[in-house]
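Before any comments, here is the structure.
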Amino acid sequence: MAITVSKAKIGVIILGLLGFLLLVIGIVSLSILPTIFRAKIQENLVLEEGKEAYEKWKKTPIPVTFKVFIFNVTNHKEVMEGKMPNVEEIGPYTFKQLRSKNVLSWNEGDKTVTYDDIKQYHFVPELSANISNRIYSLNLPLQGILMFIKKLPDFSRSLVVPLLEGVLKNYNESLFSYRTARELLFDGYKVDLIQDLIDLASAFVTVPEILPNNTFGFLYGKNNSGDGIFEVFTGEDDIGKYSQIVKWNNMSRIPFWNNQYCNMMNGTDGSQFPPPVSKRDILYVYTPELCRSVSLEFLKDVRVQGIPALRFVTPDRLFASPTVNPDNMCYCTDEKFCGLSGILDVSPCRKGMKLAVTGPHFFQAHEFIKERITGLNASRELHETYVDIEPNTGLVLRASRKLQMNFILDKFDEMEETKDVVMSVIPLIWVIEEAEISEEVATLFTSKVRTPITITKSVLTACIVLGILWIVTAGFVTVYILMKEQKAAKAVVKSRYKAVPQKPEDIIKSEKA
């Protein structure tokens, strides 16, 4: 019996020790697991020639769709008479966008890479409105000429304005152009009146180049080109800086705004974020079209092709007026719009052209702007920008970037065409860039990233559960053995008590009987 109990005790001790060991291994491993995976992710994500991640970074494997909507001003004649503009959205005009990065140089000392981001656009007619549709749109080449004329001294201006009015009449041009969607987008159209004006006005003033090749299109020259030269961190020495912008067009700060804060280029180019990404993070993206960095904040949990992701959106305060968001004071360049939320005057980085960026259909814009135009219908569901990010890797699984380009139209008293117009923000175009990983890419990502993490966590969790179970079992067995030993001890005492010799008088009585 003693031998059996002794073996049982040894077995219980071994079971308890094994359970404790499993528990410790599970807890410690789970606590250091993020560090292990972080190191593995860093190893795989670091931009280095020859790596799979580098090749995918150079040529985006996710298909990108680019959609453009053009605003047709249906009452253009009334606008020139001082009436409120009415617009209708024409589109979409859909393009397949192919992205690639042309690496220019590596900086081993700073652990950075410099590249040119190239975008190619291929028209998809079956997903588009008729590209030959003719549209009344604000005549931006004319606005460029007016911008130049307004800066002239009074005497020079008095000489040039009649020349311009004569050229406009000769070419049958006005405040609004009537062009096809094809001409207004990538193809562009020749603005012959510019050369005539230059020839006539050159006797009085020096006219700078207003348009490249005297050709205009909202997206003219954008095909097979990029947004500038980027220098970003490779992540080799610090994954927390991975893909963060160091310089853009050889500038560490942009020169467009009123202080260093607004001139900072924070964040990435938006195609990737340093891992890991949490719900508490505020992410930043430098956007050349806006000439500034924008922030993104967590909205909700989502799933993309079955993969859990975090959705980040642009907050309402991003383009809020300085009275709502004092940080935006340094973006104020025009007193007329400084107190209005939802609009960014980008003329400082557009050679003075009064262009402004808003959300589509003036989404998130101040009522003052919306009340001066009809035909728009803003919707958070349709017009909000969002990015869905896989938190462990910082990879963008799905994104939808939306913005609208507008012109701030105001009167110019010295010209018949513009002396009666009422100041308003005229929508020109709005665009969507959207992308989502394919089912094939999602399956590959799951097998390489999600599955190993899930299996490892499951195994370690099982170790913890099994360890606890073994410890509890060892505890119960120990209690059982102790109770059994106590019961055996009582039985021994009881048997001894029954075997005690009888008293002498009892023995005598027994013999007499």
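Cβ coordinates come from backbone N, Cα and C, glycine included.
Please treat TrEMBL annotations as automatic predictions, because they have not gone through curation.
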Could you identify, going by TrEMBL, the member of C338, C349 that forms a disulphide bond with C332?
C338
Bond partner of C349 - disulfide, per TrEMBL - picked from C291, C330:
C291
Cα of C349 (disulfide bond) to Cα of C332 (disulfide bond): how many Å, rounded?
13
State the non-local partners of the transmembrane segment (459-482) in its own chain: residues 6+ outside its ends, Cβ under 8 Å from one of its Cβ atoms.
5, 8-9, 11-13, 15-16, 18-27, 29-30, 33
About how far apart, in whole Å, are the alpha carbons (Cα) of C291 (disulfide bond) and C332 (disulfide bond)?
13
Fill in the CA-CA distance, C262 (disulfide bond) to C338 (disulfide bond), as an integer in Å.
15
Pairwise Cα distance for C330 (disulfide bond)/C338 (disulfide bond) [Å, integer]:
10
Sort C332 (disulfide bond) into helix, strand or coil using the DSSP assignment.
coil
